[in-house]
Amino acid sequence: MVSTPLLSDLGTEIVIPVCAIVGIVYALVQWYLVSNVKLSPEKHALNSSSKNGFAESLIDEEEGLSDQNVVVKCAEIQNAISEGATSFLFTEYQFVGIFMVAFAILIFLFLGSVNGFSTKSETCPYDQSRLCKPALGTAIFTTISFLLGAVTSLVSGFLGMKIATYANARTTLEARKGVGKAFITAFRSGAVMGFLLAANGLLVLYIAINIFKLYYGDDWQGLFEAITGYGLGGSSMALFGRVGGGIYTKAADVGADLVGKVERNIPEDDPRNPAVIADNVGDNVGDIAGMGSDLFGSYAESTCAALVIASISSFGINHDLTSMCYPLLVSSMGIIVCLITTLFATDFFEIKAVKEIEPALKRQLIISTVLMTAGIALVSWIGLPSSFTIFDFGSQKVVKSWQLGICVCVGLWAGLIIGFVTEYYTSNAYSPVQDVADSCRTGAATNVIFGLALGYKSVIIPIFAIAISIYVSFSFAAMYGVAMAALGMLSSIATGLAIDAYGPISDNAGGIAEMAGMSHRIRERTDALDAAGNTTAAIGKGFAIGSAALVSLALFGAFVSRAGISSVNVLSPKVFIGLIVGAMLPYWFSAMTMKSVGSAALKMVEEVRRQFNTIPGLMEGTTKPDYATCVKISTDASIKEMIPPGALVMLTPLIVGTLFGVETLSGVLAGALVSGVQIAISASNTGGAWDNAKKYIEAGASEHARALGPKGSDPHKAAVIGDTIGDPLKDTSGPSLNILIKLMAVESLVFAPFFATHGGLLFKL
């Protein structure tokens, strides 16, 4: 009995590209709306009516500042940031491009050599009775999909950076009209990035599958095995984007804070600070370009993992296109759901006061999750047969369509829970961060102790959420269920990225307001936007880490199936040595990235001190600092320092698989997953909490905060030190770790045919 889905194959072939194109069009509309904010000074027409029907008066004009001057200044600063970010990314992409080509050749050689580069058809790995395309074909197509994924990942990051640097000054100028206007500008630009990324990822993958089909024909197992290269390409570029961008941004940030705030007592983003342009450039290359590539990688990998497992289940065996494309249908639904969700922030409700910002962003998460639950039910109803079988380590398991729907929803809701727990631990509206701020009364040491404790504690609930979602989805639909749970967590990626990119954009807007010398009231507004943005950035990282855990488990399952291991026995010495070494890797990786930030920050601090000491008139504000040298220090450090951590992650699976074989490699993957998730969550949340404890003291919004302040007081200095320690934790090591977990797993999956035939050289001696 084989039931067919309600949605016809033709319907599927129309729905997926249409949803992707709708997402791209929507992003361009938002871009157009943002571009209506002009960055050239112009006389204001008297009859410009606002929503309430009377002309909007600008704060600056009330205070008698010349309007033209401010706009010109903002445009200049924006230009400097944009140029810095573009030139850094081009430099980074040159290095990454060389690596990309080299690694593509490596993939071709390793996979082509599985059967000695023969062009004859061979028996299928899962079904000995049929003939499949030769390993050489898979080698060529895996290499192509690797390059496709890599290029899409780089383009996603680059577009995100372009949009962010385009929107930052516009957000500052809108802040003169009120906090609501500024919020909408920042949020819209975030949405541009979110939708472009989700839609591009889906469209490129869909087109690739259709082109590969011309060669593979009926051999779907070979087809989707070749498609895994797409996830590998996406994530390997994300690794360099995250590590390089993270080192860049934090070297500048730490240097600017230590000398500027602690030693010289000048405010954040003061134009006299030589590292200030580098710091603002860093927000764009690390938090935006890095984050974009990272989430794109997760998204590509979870889809690839699901497709690989589906291709050896009844979907692939019966050549049922609609149910085979179920992961892509879920993503298409996600784009439409996020589109509706975004309208709630920009069009249905208007933000009038500062305290409404954070609830508005949280509402985005809740609305998208609730709507997506209904969307998943619909997709599962029309896109799946009522009953089907899923490959489960050698046997086929019978699954009902509602069970698979539940797997996706479990991932979706686990993501929401992780998001809210992260928010509770990192937002200064709640007691954990206020306790950390309070501990600053007795100096930096107690602040550090409290912050570390908070980070470790914040791991508990997210891990339970991940554990429950793994158990439920695995019980229902084996490894395919886990892959779909990961995709469920990422199904609202467009909204997640919009609220995530919103943070660095508002951060930049605040910096521009300070550098352009705008009034105190505008800086207060951008600070409020920025504090909310800090929390949403932490939520975004929570999502990225949670989904990375599920994705890498699903990839691990696909790898074990492909490598022909029936079970992974922890008590076997081969596996156990892998486990313990794998668990060590995240520490080694974190050590490398932390040290890189530290040594780059050292150079930066020395340079900033040198300029303050030797350039006459710098502190008085009569001469301009030399921004370019600081930008150069950050660029050089990050390009040089991103290579060793990158090499560690990319080479480990190759070395372990080739020398020790697939069993030890399965141990390494499990170990890295288990320890990496814990370190990633605690590092991100510790850093986020320290940052917001500092902002809590600076804002002075409550009695308690005013008792600790003002800026420059001893507790504030202790808070700045905590924030500085947290910087590399939350923006370099933490977020890069989730890429380490995913990347090793997807790489093992891509090279699995090679390891299965030629791996384990040491044990063969």
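For all residues, glycine too, the Cβ spot is worked out from N, Cα and C.
Residues or ranges marked as transmembrane segment by TrEMBL: 14-34, 95-115, 135-161, 182-209, 296-317, 324-345, 365-384, 404-425, 459-483, 543-565, 571-589, 648-681.
Counting only same-chain residues 6+ beyond the ends of the transmembrane segment (543-565), those with a CB under 8 A from a CB of the stretch are 125, 225, 228, 231, 291, 294-295, 298, 301-302, 304-306, 308-309, 312, 391, 393, 411, 414-415, 418-419, 462, 465-466, 469-470, 478-480, 482-483, 485-486, 489-490, 496, 662-663, 666, 669-670, 673, 677, 680-681, 684, 734-735, 737-739, 741-742, 744-746, 748-749, 752-753, 755-756. Counting residues 6+ beyond its ends, the transmembrane segment (95-115) has Cβ neighbours under 8 Å at 122, 134-136, 138-140, 142-143, 146-147, 150, 154, 229, 232-233, 236-237, 240-241, 639, 642-643, 646, 650, 654, 750-751, 753-754, 757-758 in the same chain. The highest tally of CB pairs under 8 A with the transmembrane segment (324-345), across 182-209, 296-317, 459-483, 571-589, 648-681, is held by 182-209. Sequence-distant contacts of the transmembrane segment (648-681) (same chain, six or more residues past either end, CB-CB distance under 8 Å): 103, 106, 110, 236, 239, 455, 458-459, 462-463, 466, 542, 545, 548-549, 552-553, 556, 559-560, 563-565, 568, 570, 572, 574-590, 592, 733-735, 737-741, 743-745, 747-748, 751-752, 754-756, 758-763. Between the transmembrane segment (182-209) and the listed ranges 14-34, 296-317, 365-384, 459-483, the one holding the most Cβ pairs under 8 Å is 14-34. Counted over residue pairs separated by six or more positions, the transmembrane segment (459-483) shares at least 3 Cβ pairs under 8 angstroms with the transmembrane segment (296-317), which defines the two as touching.
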